[in-house]
């Protein structure tokens, strides 16, 4: 969408130089359908995750704190999906006013940063728990986890402020529709470039480097443990999980990040070709579906790595209430690896060496 603006009677009016870009009948049908599916699956799944972690597992571990906050961040975003579904179904006609435009846009931005930051902290926590289980005990406390989550929510809120400030409702004269969109003046390129780079670097590059580094070090520690304990059969599932986590994150977000940056270049007038604008505007909602659907599945994905979580989850589905007594913390395959470099380990110690347990 290439926009030129003017002000008449105090109303912001926009001319769209590529009025047909991204406006395809299949988009107006497919995307609202996908949004609806994401909404139903996401609300159901993340609500159950919150109930299981808070009421059944009693929120006793660092990992459970991060997963709970991840699910809550997803729920905040999911509540705005019906607005975006209606918006797309109405062929990008925004009927909800300027305030909801800002709130819904900020929610999308907030979820991006909060979820990515939480996944990054979760990867660091897994690294500390697995590679340095004894040294990290004093640092991996519930207080530290809760304070970290508060900081993450504040950072995500600050990163979402541009959506509150600069996302507005505009009337496009040559298509006669009202849109909820960012609009940048072509002569002021600093702001959009800064926001675009912030989204790319802070919302993807830095977190991905940290996640990749954390799980690579975990991978090396596990391989070293298997070499030391030669008589213990290798559990390749753990390595598949590590690979899946890294690839899952990368391929979920790369398409959206690429097209988001291209959209900024189009807004600035760096890209003038309407055919390119059409490709970008068509691809953007599809990449959003990929990124945020996978994002909303993350709490379930990480949770189901644990036996206790699966047991409590199935217990909840069967309407079995949580027991009054407290339970041990979240048990996952992605948690604490403890091993001794000794060939005289007991069988129980050998078993725990490769079983990831959140402490």
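Along the chain as shown, the residues are counted starting at 1.
Using N, Cα and C of the backbone, Cβ positions are placed for all residues, glycine too.
Different topological domain names are assigned in Swiss-Prot to residue 58 and residue 276, which places them on opposite sides of the membrane. The candidates are 176, 344; Swiss-Prot tags 176 with the feature N-linked glycosylation site. With respect to their backbone Cα atoms, residue 199 (angiotensin II binding site) and residue 176 (N-linked glycosylation site) stand 31 Å from each other. The least crowded of the binding-site residues 167, 183, 199, judged by other CB atoms within 10 A of its own CB, is 183.
DSSP labels the residues of the topological domain 'Cytoplasmic' (56-61) in these numbers: 1 helix, 0 strand, 5 coil. The number of other Cβ atoms within 10 Å of the Cβ belonging to residue 182 (angiotensin II binding site), over all protein chains shown, comes to 19. The number of other CB atoms found within 10 A of the CB of residue 176 (N-linked glycosylation site), across every protein chain shown, is 9. Residue 167 (angiotensin II binding site) sits 19 Å from residue 176 (N-linked glycosylation site), counting Cα to Cα.
Long-range contacts of the topological domain 'Extracellular' (90-98) within the same chain: residues 22-23, 28, 83, 104, 168-169, 177-180, each at least 6 residues beyond the stretch ends and with a Cβ under 8 Å from a Cβ of the stretch.
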